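Chemist: Pasting in a structure now, in structure tokens, and then I'll have a few things to ask.
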Amino acid sequence: MAGIAAKLVKDREAAEGLGSHERAIKYLNQDYEALRNECLEAGTLFQDPSFPAIPSALGFKELGPYSSKTRGIEWKRPTEICADPQFIIGGATRTDICQGALGDCWLLAAIASLTLNEEILARVVPLNQSFQENYAGIFHFQFWQYGEWVEVVVDDRLPTKDGELLFVHSAEGSEFWSALLEKAYAKINGCYEALSGGATTEGFEDFTGGIAEWYELKKPPPNLFKIIQKALQKGSLLGCSIDITSAADSEAITYQKLVKGHAYSVTGAEEVESSGSLQKLIRIRNPWGEVEWTGRWNDNCPSWNTIDPEERERLTRRHEDGEFWMSFSDFLRHYSRLEICNLTPDTLTSDTYKKWKLTKMDGNWRRGSTAGGCRNYPNTFWMNPQYLIKLEEEDEDEEDGESGCTFLVGLIQKHRRRQRKMGEDMHTIGFGIYEVPEELSGQTNIHLSKNFFLTNRARERSDTFINLREVLNRFKLPPGEYILVPSTFEPNKDGDFCIRVFSEKKADYQAVDDEIEANLEEFDISEDDIDDGFRRLFAQLAGEDAEISAFELQTILRRVLAKRQDIKSDGFSIETCKIMVDMLDSDGSGKLGLKEFYILWTKIQKYQKIYREIDVDRSGTMNSYEMRKALEEAGFKMPCQLHQVIVARFADDQLIIDFDNFVRCLVRLETLFKIFKQLDPENTGTIELDLISWLCFSVL
């Protein structure tokens, strides 16, 4: 219940703009300005109580409290490490980012790429911070986290060994922005060790809020050049690199003056006519301008004389230090990997770019209800969350004569790094995309059933199921309606996720779910309609007062169920019996009369029939995944969120729902629906309650 309330509050705050870059969420409710002012007024240096300078901040295993790697570590402020510490000197450069004793080169490569774009760097690393003016031992940074910008505060106590920084550091040793940025990122992920191992694209996204894709250049898609051109038109960040095969290869220079293991950026892609044929050219920038390509189309290559002079002037006049052209074929031959970070519309301030259309949807997998696993598990796969993608407009320009709608889908699992120290790690995740059948077109209130997935193949799917934070693929499909189904590989894996869709043209995306519905059977009978046999039975069970209390009902039903071999049950709890009496007790006596008991008896017989029919394996019990079908048979349709609540409330540790809990769930649902209907006679879908009424209904 508390989780549902928290989600409602969060949704309302997001609707008001909280979580945007301008109104970043204050991580752990720590306000940088307020904390700094407190320290300045008190004349003290900030000590962060939420990420203290203790062994647990370092790690849990390799960097755990008893590891040899953490012996002799001292936490020191930059003012204790060098005589004249600086936050940032003359702008951020790659020499500010030297790896330490932590396997987070993926993160450092992303930080290095960040230094190529001053505007984006300033969003992540506010530059008006200093060890001189208003210094209070406190610094702040901003990260994108699953659709929200979060401001993270840290103190400047850094782990050192023998007087040297243990982790990331600058080459000259007196610049500390990168070390403090790494500490803030470690804080939001739980500890430093949680940063060990990852993909550069993960860092790209957390620093920009963009969606990052990558390509192995030994196996490029046929339309890669067009993808690069469109990415540049949309203001995307493009980086490329040459793989290293050994430590000795790092920063090694090839015979044509390219540096292995080095982060380059791609800044242009043009087609020119050269000697009567079209030549595809790529412009590369070595951000530190030290070494430039000496192969074809380098600055002094005679190939430039084979193209139109005006074209040559246009391509070379804005030449920056370290920037050079090369043929696309040479690019594919010499470089190993291309990474593209497609930026969100809010990141791009210039109107010169053709911006992506962005949609984000949040969801979760919950054990026993919405964590159905992949297609290998047909009995539960259909229980996964489902999302409708409606593609309406084709791209403006066709690629290789192929028309359609281009879009990127990124499925991100949330907060898994933070859970590493609790023994958790990344789930293996992926997704499928299914074409909506014509008869269901235009409907958004139908959760596709098990039978649909047994008889329909995926139109597209993620390239693989993999245990990375994000699975991302680019697709091109004809206009139409499609259902996207995200899942873990195996069922019953709890997790939160977000899905982002970047599309060239405006498209509609939304969760697909059953609408809330209750078809409740109405009993229009009088006592005169009840047969004599049932009257005699009631008189025998009720005794002298001719009414049945919850305690008497418990005894009666225990005897009835004891005779049933097809339903495993220890009888009904007194709690279930009380809510059954409460549902039908029209006169407030706390007991059931003849008519009320007859209605209840009829309902219980119906519940038994449903329970037996849903129990296809004849185990005498029902598992939580069968509960959705059972509720439908009883007249209830529920969205995924309600199924999650029902399973959490009524299933045991083995995800079994016994007959007692099954009946209790149905009775409680029927009671709540009847109360709501009574208070909402106009069927508006909303009611107003004061506190005392809310509390009275909540303790039902």
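From the backbone N, Cα and C atoms, a Cβ is placed for every residue, glycine too.
The following feature annotations were taken from Swiss-Prot:
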type	residues	note
BINDING	Ile89, Gly91, Asp96, Glu175	Ca(2+) 3 binding site
BINDING	Gln229, Lys230	Ca(2+) 2 binding site
BINDING	Ala542, Asp545, Glu547, Glu552	Ca(2+) 5 binding site
BINDING	Asp585, Asp587, Ser589, Lys591, Glu596	Ca(2+) 6 binding site
BINDING	Asp615, Asp617, Ser619, Thr621, Glu626	Ca(2+) 7 binding site
BINDING	Asp658, Asn661	Ca(2+) 1 binding site
DOMAIN	602-637	domain 'EF-hand 2'
MOD_RES	Ala2	N-acetylalanine
REGION	345-514	region 'Domain III'
REGION	515-529	region 'Linker'
REGION	530-700	region 'Domain IV'
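Context for these features, please: burial, neighbours, distances.
Modeler: Around Glu175 (Ca(2+) 3 binding site), the C-beta neighbours below 8 angstroms that are at least 6 residues distant in the chain are Gln86, Phe87, Ile88, Ile89, Asp96.
Counting only residues at least six positions away in the same chain, the Cβ atoms of Lys354, Glu504 sit under 8 Å from the Cβ of Lys230 (Ca(2+) 2 binding site). DSSP gives Lys230 (Ca(2+) 2 binding site) a helix state.
Long-range C-beta contacts of Asp545 (Ca(2+) 5 binding site), restricted to its own chain and to partners at least six residues apart, with a cutoff below 8 Å, comprise Lys591.
Glu596 (Ca(2+) 6 binding site): 21 other CB atoms within 10 A of its CB, across all protein chains. Under the three-state DSSP scheme, Glu596 (Ca(2+) 6 binding site) falls in the helix class.
Listed in sequence order, the residues of the same chain lying 6 or more apart from Asp617 (Ca(2+) 7 binding site) and placing their CB within less than 8 Å of its CB: none are present.
Asp658 (Ca(2+) 1 binding site) falls outside any helix or strand according to DSSP and counts as coil.
Model confidence over the domain 'EF-hand 2' (602-637) stands at 88, taken as the mean pLDDT rounded to a whole number.
Counting same-chain residues at least six beyond the ends of the region 'Linker' (515-529), those with a Cβ under 8 angstroms from any Cβ of the stretch are 445, 594-595, 598-599, 602, 606, 635-639, 642, 669-670, 673-674.
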Chemist: Where DSSP helix means H, G or I and strand means E or B, what are the helix, strand and coil counts for the domain 'EF-hand 2' (602-637)?
Modeler: 23 helix, 4 strand, 9 coil
Chemist: How many helix, strand and coil residues does the region 'Linker' (515-529) contain under DSSP?
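Modeler: Once the DSSP states are binned, the region 'Linker' (515-529) shows 3 helix, 2 strand, 10 coil.
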Chemist: Excluding Asp585, Asp587, Ser589, Lys591, Glu596, which residues of the same chain place their Cβ within 8 Å of the centroid of the Cβ atoms of the recorded Ca(2+) 6 site?
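Modeler: Result: Glu547, Val581, Leu584, Ser586, Gly588, Gly590, Leu592, Gly593.
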Chemist: So among Ala542, Asp585, Glu596, Asp615, all listed as binding-site residues, which is physically nearest to Gln229 (Ca(2+) 2 binding site)? Use the C-alpha atoms.
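Modeler: That would be Asp615, nearest by Cα distance.
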Chemist: Could you round the CA separation between Asp658 (Ca(2+) 1 binding site) and Thr621 (Ca(2+) 7 binding site) to a whole angstrom and send it over?
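Modeler: About 6 Å separate the Cα atoms of these two residues.
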Chemist: Under a three-state reduction of DSSP output, how is Lys591 (Ca(2+) 6 binding site) classified: helix, strand, or coil?
Modeler: strand
Chemist: Out of Glu552, Asp615, Ser619, point to the one nearest Glu596 (Ca(2+) 6 binding site) in space (Cα versus Cα); all of them are binding-site residues in the record.
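Modeler: Closest by Cα distance to Glu596 (Ca(2+) 6 binding site) among the binding-site residues Glu552, Asp615, Ser619: Glu552.
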Chemist: Taking the Cβ of each of the binding-site residues and counting other Cβ atoms inside 10 Å, which one has the highest number: Gln229, Asn661?
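Modeler: Result of the Cβ crowding comparison: Asn661.
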Chemist: In the same chain, which residues outside the set Ala542, Asp545, Glu547, Glu552 have their CB within 8 A of the centroid of the CB atoms that define the Ca(2+) 5 site?
Modeler: Leu541, Gly543, Glu544, Ala546, Ile548, Ser549, Lys591, Leu592
